[in-house]
Amino acid sequence: MGPPGGSEAKRLSPDTVSFFRCLGFEGSRRNNLVYIAANTLIHTCGNSVQFLDLETKSQINLLSVGGFGIGCVAVHPSRDFFAVCEKGNHPNVYIYNYPSLTVHKILKQGTEKMYTAAAFNFDGSQLATVGGPPDFWLTVWDWRFESIVLQSKAFSQDIFQVSFSRHFSGQLVTCGIGHIRFWNMANTFTGPKLEGLIGKFGQVPLSDICAFAELPDGKVLSGTESGTVLVWDGGLIKCQLRRPGGSPCHDGMIEFLQLEGKGNEMLTAGADGYVRFWSLQWLDAAHDGDEKTVCEINPLRELHVDEKCSIKGIIVTDDHWLIQDENGILWKVHIPTFEVEKVLEFHAGFITGLSVSPNNHFLATSGSDCSVRLFHFKEKQQIYARWFTSGATTILWPSKTVDPDCRTIVAGFTDGVIRVLSRGAHQWGLTHAQKPHTMDVTAVSYSSDGDILATSSLDATVFFFHSSNRYKPLGFVKAPGPVTCIDWSPNGMNLLVGCSNGKILEIARPGYEVDSSITFELSLPSKSYTFLLPDLKDITQQLPEGAETKGHDSHASDKPDIGEHDSQKTDVEGRSVQGSQAEMDGDNQIDSKEINDHTQENESDFQSRHGSMTQEVKEEDNEMHQSSMNITDVANEDVNTAKGQQEQLDSKETSSLLNQQMSKEVRKSVHEFVQESNPIRSLLYTNSNLNTFYMVVEGAGAGCLFECHIDMKEVMGVTRWHSVPIKCLQYSSSQQYIVSGHDDGSVRIQTAPTPGQLSVMQQHVFWEGRLHDGFIGVVAGAMISCDHCFLASAAYDGSFYVHELKLEKPQQFTIHLEADKPSEAKDTVVDIGVGVYSIEEDKQKTEQDKQLKIALHNKKKLKDKVEAIQNSISKLLKENNERDINERLPLEDFEVDPSIRSMIESEIESRISEVKQELQWESEKMSIALGKLKRLFLDSLEVELIVLHGFKTNACVTTFRTGKLDPEILTAINEANSQRELPPAPRVSVLTLLKDAEEFPKGKNVAQIDDENSEHHAKAEDSAALQDMRRRRLKKMVSDYEKYVNDRENKNFESEDDIAAIKYAENNMGDFKLKTDLEHVQPKNQQTNAKKKRNEMLLLKESIFNQKMEFNREFLALRDIKMQISKQIHEKNCKIQEINDILRIKDEPLFAPCIFKDETPEERDKVSDKDIEEHCQNLKKMDEMHKAQEKKGGLDFGGMVSKAKPEEKNTSLPPSEKKALIDDSSRKEFEKLHRAHATTQSRAFALSSLEQEEQDATHIKLKFQKSKLLENIENMVNNFDNALKELRHKRFQLEINIKRADLKMITLYQELKVLRTMQPKEEALESRHSAKQMELRDMSDKLSEQDKVLEQKKQEVQALKEKKKQLMEEFEELVGESHPAKDALLKIYMRRIKLSKGVDDEDDDNLDEDMEVDDSKGSEDDFDEDEVVEICPAGCDQELYEKVCQLRERRTIEDSLLQESNKHLDVAQREKESKLKKKKAIETALASLEKEMEDFQKEKQNSLNQIDAVLPLYMHQLENLPDGKLPDDLSGVLVFSNKVINQLKETIKDHNTETVALKKLQKELKKEHITLVRERKSRESKIEDLEQRVIDVQMLKFGQMIDLEVLDTMNAKKDNEELRLQLRTQEAQNAAEVSKWNRLIDNSIDQIARAMKEHAACLHVTADLQESIRLLNKNMQQKAGSTYRDVFVEKKKAELEYNHLSKVVAAQGNRIEILNQELLSIQNDRRKLFP
């Protein structure tokens, strides 16, 4: 093996390959056609933009600058410019001049990966572009200045279209997957901004939107994927457009929508192939805001393009239309004839294979659109095509060794079929068609001699055919994994097979004679080869420009996705591979540094994309190899790769981040795994005798070309071929060149390396160019024509290019193009349809079908035999039943061998248990699923939907389907109930208030009086306390009297009771407060907030729930009654049937109640054998019906299938259970009648007259019983039906109320939302109000404390004044009135002197520390004659003088204390005044705050008034009908309930009554006032006389005025002793009387006990007599029921016995009456004893 790596190959000149023709078209891309000039179309295809002249069919090819594909194209309104939006890593938008095709402007940084839609505005000044994943940017450009105006994320899903508004500047519309969005370029305070409003579908199902059109009034019309047209207004759906009958406008997606004419018509086109015109007058019928509005109109006209047409876009011109068909056709519609013409035809979808003719310029392609097409290089057109039942996956044009005329091709398909086609002049002819595989055919190949055809498939098999023997199947070989490629060795003796799990197998060529009688599987010699990835770190080959070698695995290019754009990328092991920049080939090259920089940035994008794709395919193939049993789950690798590339782009960034965070150990393990499994992409034997082959793999070796040998473990050579995986690899016809196609859309042509010298590349030349889309343009095939003049390449993106080559032709290579000799090709075999077995399956199935046929035949014979035996037994049983009852054989006699039954039963039981065990897992699974469904749908219900049907009426009633209340809601409801406010008290009349006030003393309430009474009783036991209470009461009476006198003198005095009564009257006037009044303020008890409103909603919800549950309980009770009635009816029917049997009445129809299954849904789990049998019969009938319809030509889709009847539960009982329902007595009676009836029937002679009379009497009695039973049944049924009718009516009423409650709930919810918005402000106001109230209370408390302090200070001052007064009295007493020196001593006493220091200090300690006074007041100026020396005045004793001085010192101390107390009093007074000012300020602030709260309440009420409330009214409820019509303006109309109206009327009456009563009361009070004034004057005069008499008596008796309190105290002791004596005497008398009554009670109890015993004895006697009567009646009935009796004797006996019993009963009645009288007298005596 040569060293890995190699030298650099040389790049051929760009002129070597030139554009010749584009034969492909991306038909699945929406609106991929647009006119850029007259008859010149512009569209995207692969990696280029195509310009197509419709007249000359000439083309111009404009390659992308970035080289990774074209996202979209937009044409300027002037058609002088067009914008090409590319793909790649941060792709650019290039503005080209037309027709010069030169770059005019470059727009950068508009998206990250690709553009999906673009549009110029209608004046061409701006360009809007939309990006794809992952950013989805909507960018508005000022393209002339290459600047971004605005940018925003459009949506999180793909956007299909963007358009500027034609009528409103600055508005755009975008649409895409599941959305439509309306944009506005608004100017905000932060600058211009894109504001997007997403359309809300509401009740309309969410839909993808591909097309829309704007109306002049701003509304937007859009299509949907369901085919309806939506009208959008302000982001909401205004209405929908459908065809009559509810059919959508189109069957499928609406892909095109445009306004026609003057905007009064709408043109729509959809995936159903129809183009329809609609009138826009239907918009006038739409109602704003009603999402349910559906307008149904017929289209004005319509055009059906083609049966298989699926429209993707339309170009509308004046004289024609161009319709883009998703199926690869370009249609032209001529206007106004509407003739349809096919202009061009292309592949639709993926092109999966390509092969060129060995001797001509023909080319065959295969596609996923199920077509195989023929093209001609020189003619630049498609010759013809043929479609099959499945998609084609591969195609091969064999060499001349197979077909000398080179007219044969072989194609493989997705269903495993291979077809051999013959090229004819006008069509493909089918010569052979076989199905060797069960999955996608991946490759076909002929041996070098052309005798053996090998095919491979994803089903891991390789099949061989003998092509020379009409493609006789030879057999197949199993491969180690899904096969991806095959190639024959040059000698044709070995086949090389490559698998997706990295395994390579070399299989020897099979022989022509093989044994395929049992199976087609062959056992051929083979060699296996497992590819081991070599160490690629020494590969340093520098590819020429354009060959991207920046990384060769999935990990090497993840970094660009996260912002790294280095020229070197890291692979799995951390190695770096250097790459170079691509050079673009094509007709137009742009020498711009910016373009080159962009190209360089884009290189890294596809490394990660293809790397991630490779890794996913590798993992999938590895899993398939590990589980060969699941091989049917494997999909076509190539198709899945192309389909999944777009999705892999989204997951690329995630995998990149994961790879960066991966540890070294994990990376190492991943690398080892990749080495072990490298999916094989392509195998190619070298043209030498070395038996080596070239190999292309995925994974870490992606992009490398390896040379291997089947017998060598290691590779012989390796070279870096490309940076991404190679998809296809093939020799040219001369085998001088190797052509390869790659996953990034590039194609490479290189001279074939010398076998064994792959690493030596200096002498080799190559050309490489990216021709197809770099994202989805995986090259499915690339080949050079037989004369090396053309290069053809096709890709999965639908692009198909033909390029002209200028290669050096080999010296020894000469080819003669043969003249085409067209001939008609016809099908020589019948094509294979869908669902056909493969060759091996047919072989195996044929044998199985044969054995199955034999088994079914034997089974049928056995069933016929069993059926014959059953028929014979049934016949015998029928004959036995037809005989007389005495001649019948019991059923036991028909059982020949009882052991057989037991044996069969045991066998059946064992089989049943076996089946149960087999189905146990499935049963458990189904039970778990059923449990989940029950938990989801039933456990959350309190009562489910139950239907109750009537017996004889069609009426039915259902329950309310009521769900259980959530525990959280229950908790909230309980909390709301606990917080529920009491209802407002009813209005009380003023007269009532006045009467209530008269019952109690003024100024007192009941509580105060109760307190006084309790105080009186509590303290009455203590005489001292009693006297003290009297004194306090007397003082209180005096104080109340003084207060009354003072208040009477005050002219402004108002009674507190009167004020309270007036305020109550104002608040309870009984008028109706209009909440709509702007000045109305709700009373506090009626004010609401968010919490109260939520509680109100919860209580309403609870009320609705309770009403539903109450109705449901009544419903269930009625259902139970129906069940009972049904049971009783069954019992009675059984009795009637017995009577009919006796009366020989046959087939009389009886009413049989039916219980429907929807009446007992809780029994849905109970399945009876009968239900199972009915289900099996229904399935059998359905199968028979389907088979019959299939024989007639298919199922009946005309709606003629009969509907199933409502399911009923059969409540009829079997005969064995019917008898069990009859009671014992009736059973015995009927058995006796049956015996008599049977005896009568068994007799051969006529009945006697007595027997005939007895039989007639019996029949009459039975008929009477039958009529009673039928009448009873009729009554029960009618009563139930009437009850059901009443319940149904009740449900209707309740449903109306519930609907009204729901409407109220909506209104409450709207109010709640308003209250929640205002709640923060309300809480803030309430918080402030609470704080102010608390502050006011604190200040009031402080004032109360200050009052107490002030009172205390006043008492201290008063006490000091009293002391000073006492000192003066002591001085007067000491000196006396007649002392000669009194004046001098008084002067000395009153002189102010300084206190001694000790006294002064002592006084200072008593002063408060914080009360500072001015020291100047204590200066010496305040003292009189401080310098005079005092001496004892003349005529005064020294001792008296000293006492006076002592008194003076004491007076001075008291003066100083009094002065300090006065100072403290002044300070306290000032503090009180300060606090009063603060209190006043707080009250002012509080009043202001209350005013603010009142204004807020008004605002809140006005906000609530703005909410519209729905109130349904009947016509008879409308009374405001001026001129008999409803007024147009209802703003002045009020809606009152009858209750409120009646209350207002009653209030008016009450007011009138109260007014009259108050006037009358006023007159009476005036009279009473005059009388009271007179009485007061007389009593005052009497009081004065009495006071004078009291004074005279006291002066006469005591000589002075006596204190009455002292007198009361003295009299209290005497009164207490007298009361104690009286109390002891009274207690002794009471004890004697109680003892006397106790004795009387005991005697009475004894008398009552004796009477009760006598009464009980009488009751026992009565019970015995009644039992005797019952026995006598029973004997009489038994005698009356006897068959043989003398009527007259029995009648006589009955009369005698009746007379005797009547006497006994009469005697017992008299005895009972006597006993009752005795009991009555005892009870009366007891009442007298115990009143």
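Keep in mind that glycine also has a Cβ here, set from the backbone N, Cα and C atoms.
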According to TrEMBL, coiled coil applies to one of these ranges: 152-179, 376-403, 852-879. Which one is it?
852-879
Pick from 1000-1041, 1126-1167, 1336-1377: which range has coiled coil per TrEMBL?
1336-1377
Going along the chain, which residues at least six beyond the ends of the coiled coil (1336-1377) come within the CB cut-off of under 8 Å?
1385-1386, 1389, 1440, 1443-1444, 1447, 1450-1451, 1454-1455, 1457-1458, 1461-1462, 1464-1465, 1468-1469, 1471-1472, 1475-1476, 1478-1479, 1482-1483, 1486
For the repeat 'WD' (434-465), sequence-distant contacts whose Cβ falls under 8 Å of one of its Cβ atoms, 6 or more beyond its ends:
393-396, 398-399, 401-402, 410-418, 471-492, 495, 497, 499, 507, 509-510, 512, 520, 522, 628, 631-632, 634-639, 832, 836-841
Who are the chain neighbours of the repeat 'WD' (247-281) in space, where the CB to CB distance is under 8 Å and they lie at least 6 residues beyond its ends?
30, 208, 210-213, 215-216, 221-229, 241, 297, 299-314, 316, 321, 323, 326, 333
Close approaches to the coiled coil (852-879) from elsewhere in its chain (Cβ under 8 angstroms; 6 or more beyond its ends):
894
Per-residue pLDDT averaged over the coiled coil (1336-1377), given as an integer:
86
